[in-house]
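S.K.: First, the structure itself, so that you have it in front of you.
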Amino acid sequence: MKNFIHKIINTIQIFDLLRLLFIGLLFSGIFLNLWERPLFGVEGRWAEGAREMSLRSSWFVPTINFEPHVTKPLIPFWLIKISGELFGFSEFTVRLPGALLGLFSVLIFYFLAKKLFEKEWALIGTALYGASLGFLEFSRLSQSEIYQLFGIVSALTVYIYYREKPSFTGYTLFIFALLFGALSKGLTAVAVLGLFVGLDIVLFRRFYHFNPKLFIILALGVSLYFLHYYLISKELQTQLPFYLWFRENLKQAVDPYDNLRPFYIYFYFWPLWIAPFSLFLPLALYKNFKNFKSLSQNEKLFFLTNLFIFLLFTLAKARRGYYLLPILPFTIITLTFYLKNLKEFFLVKLHQGIALFLPFLSLVSLYFLHKKGYPFNPNLWIGFGFTIIAQIFLLIKSIKISKLSEKFLSIILIFLLSEILYFSFLQPAYSSSTEKESGLFVKRLSEKNQDLKICSLSLEERPVANFYFYAEIKEKVEDLKKPEEALSKCKIIIIRKNLKEEWLNLFQKEGYKMEKFETKGDKSKNYYIFYKSSTLKTPSL
């Protein structure tokens with residue numbers, strides 16, 4: 001009896017320890033060194049759009065280089081604007097709202113999982129979600145994907161809690177969560193939740209949801225959704241936002257003007273977004289196909305929703321890898337059902353075997369970086385040291401633990417540690433950006449030489465939003481096509497991508513100095529800044 005009590009206490013201690021470690025690692029994965037990496041890709045559109053909204057005291061028309069940029073919904077712009085106005089605009093503050101929403105989505109997902117599973121498996125499902133590549137990558141970016149995912153997870157959770165009977169409160173929370181997702185990225189959230197709810201109503205005869213309460217709150221939600229576009233149109237004094245809504249949400253799916261990827265790309269991105277647990281996906285799908293009749297209602301519902309979402313995005317003609325991210329919470333629930341009912345442990349043992357190599361892989365990475373002469377700072381030493389020690393500790397625990405749920409949770413945390421080492425330490429430490437370097441140089445030039453006109457000179461591509469964000473432009477940077485015109489109008493001249501030899505010779509002849517910011521491979525990230533040394537105070541680089 002004494003041994004039995006001791007065993008129970010020890011088991012509780014292990015589970016609580018793993019839960020606390022997951023919470024700590026989740027915070028580290030989302031927030032640690034969030035301020036280090038320069039703005040990447042389209043992050044600058046959201047950051048600069050919000051910064052210029054703040055400069056112009058606008059709430060409805062984001063601009064980039066003070067030109068309207070109204071192809072995207074406004075919620076991300078609003079939250080980034082608020083964050084920037086409270087704490088100043090920086091990499092950290094423009095990413096902070098998305099990171100917080102990512103954290104909240106994990107908490108909400110846990111409440112969803114608690115409704116579907118017992119306590120331990122609810123935590124495992126939540127850990128699978130929080131440790132997935134799709135979640136962790138986008139929660140650290142200032143992009144709309146994590147905003148949309150928050151809306152989808154919230155709406156899904158509300159529906160699961162309130163679906164058993166008509167509820168005005170439930171309908172209100174569901175519609176507003178859905179509205180948040182739709183006003184973050186578009187109608188994708190509506191399509192995905194529409195599939196899930198539609199399948200649930202039809203398969204399990206929940207037609208009682210078609211009632212006046214639903215239609216009242218639905219009408220309110222639709223009105224608020226289009227009010228958003230009306231207010232944009234009113235400020236712009238044009239109907240263009242409504243056309244752009246049609247083009248971006250409806251026309252793009254059947255007759256796209258860009259993003260024409262092959263139909264099979266989602267066979268790659270579906271497993272990628274749930275990595276490092278992708279190996280479970282094909283077997284889980286196979287088992288669900290094979291045993292479909294014996295599945296519970298929830299297992300059937302989530303399994304079929306996954307298939308319909310995948311089919312919907314595959315049939316749509318505009319395709320990008322991140323378009324499929326909304327499938328993530330549905331797939332994680334399906335995988336959790338599969339793991340909970342697992343009778344063959346080969347894949348679990350395989351993941352444990354892979355986990356055995358992760359501390360060694362961290363050591364090899366450390367040696368490789370040192371051998372190649374990459375600079376090291378104390379931050380990186382802390383990251384590598386903690387990762388290796390924690391992984392070894394968890395490996396020992398996972399070998400000793402016999403209970404499947406606790407063993408698998410410890411394996412998830414081992415993989416999560418490697419992801420944190422990459423996303424929170426290595427990627428920020430070794431990321432560079434010519435857009436940031438050139439933008440900051442122009443900022444310093446303009447601060448030391450106020451009221452001097454800045455312009456860009458281009459035949460192909462103008463500076464991008466990331467550049468404008470770092471340059472902290474206060475007015476529109478005019479884009480010119482002829483170097484003679486630039487020489488007559490401007491004191492600071494920006495050229496992106498390609499610098500013609502004759503332009504260089506002309507500027508040097510006129511007494512202009514040049515600072516160049518080049519990167520290997522991608523010429524579109526090359527920037528050339530010309531300024532006249534006789535009239536400008538040159539900042540130190």
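Placed from the backbone N, Cα and C atoms, the Cβ positions cover glycine too.
Keep in mind that this is a model prediction, so the values were computed, not measured.
Features from TrEMBL:
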- 72-220: domain 'Glycosyltransferase RgtA/B/C/D-like' (DOMAIN)
- 12-35: transmembrane segment (TRANSMEM)
- 94-113: transmembrane segment (TRANSMEM)
- 174-202: transmembrane segment (TRANSMEM)
- 214-232: transmembrane segment (TRANSMEM)
- 265-286: transmembrane segment (TRANSMEM)
- 298-316: transmembrane segment (TRANSMEM)
- 322-339: transmembrane segment (TRANSMEM)
- 346-368: transmembrane segment (TRANSMEM)
- 380-396: transmembrane segment (TRANSMEM)
- 408-426: transmembrane segment (TRANSMEM)
S.K.: For the transmembrane segment (265-286) and the transmembrane segment (408-426), check the count of CB pairs under 8 Å (sequence separation 6 or more) and say whether it reaches 3 or more.
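M.R.: Yes, these stretches are in contact.
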S.K.: Which sequence positions outside the transmembrane segment (94-113), separated from its termini by at least 6 residues, show Cβ-Cβ distances below 8 Å to it?
M.R.: 26-27, 30-31, 34-35, 39, 43, 46-47, 50, 76, 79-80, 82-84, 87, 121-123, 125-126, 129-130, 135, 138-143, 146-147, 149-150, 153-154, 156-157, 160-161, 329, 332-333, 336
S.K.: Would you list the DSSP helix, strand and coil counts for the residues of the domain 'Glycosyltransferase RgtA/B/C/D-like' (72-220)?
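M.R.: So the counts come to 120 helix, 0 strand, 29 coil.
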S.K.: Using a Cβ-Cβ cut-off of under 8 Å, list the residues of the same chain that are 6+ residues beyond the ends of the transmembrane segment (298-316) and lie near it.
M.R.: 116, 191-192, 195-196, 199-200, 203-204, 253-254, 263, 266, 270, 285, 288, 292, 323-324, 326-327, 330-331, 333-334, 337
S.K.: Should anything in the same chain at least six residues away from the transmembrane segment (408-426) have a Cβ under 8 Å from its Cβ atoms, list it; otherwise answer none.
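M.R.: Cβ under 8 Å, 6 or more out: 15, 18, 21-22, 25, 28-29, 32-33, 120, 123-124, 127-128, 130-131, 133, 136-137, 140, 276-277, 339, 348, 351-352, 355, 358, 361-362, 365, 379-380, 383-384, 387, 390-391, 394-395, 397-398, 401.
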S.K.: Within the domain 'Glycosyltransferase RgtA/B/C/D-like' (72-220) only, compute the mean pLDDT.
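M.R.: Taking every residue in the domain 'Glycosyltransferase RgtA/B/C/D-like' (72-220) and averaging pLDDT yields 97.
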S.K.: Same chain only, please: residues at least 6 beyond the ends of the transmembrane segment (322-339) with a C-beta under 8 Å from a C-beta of the stretch. Say none if there are none.
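M.R.: For the transmembrane segment (322-339), the far contacts come to 109, 112-113, 116-117, 121, 124-125, 128-129, 132, 134-135, 138, 145, 148-149, 152-153, 156, 188-189, 192, 196, 266, 269-270, 273-274, 277, 280-281, 283-285, 287-288, 296, 298-299, 302-303, 305-306, 309-310, 313, 316, 348, 408.
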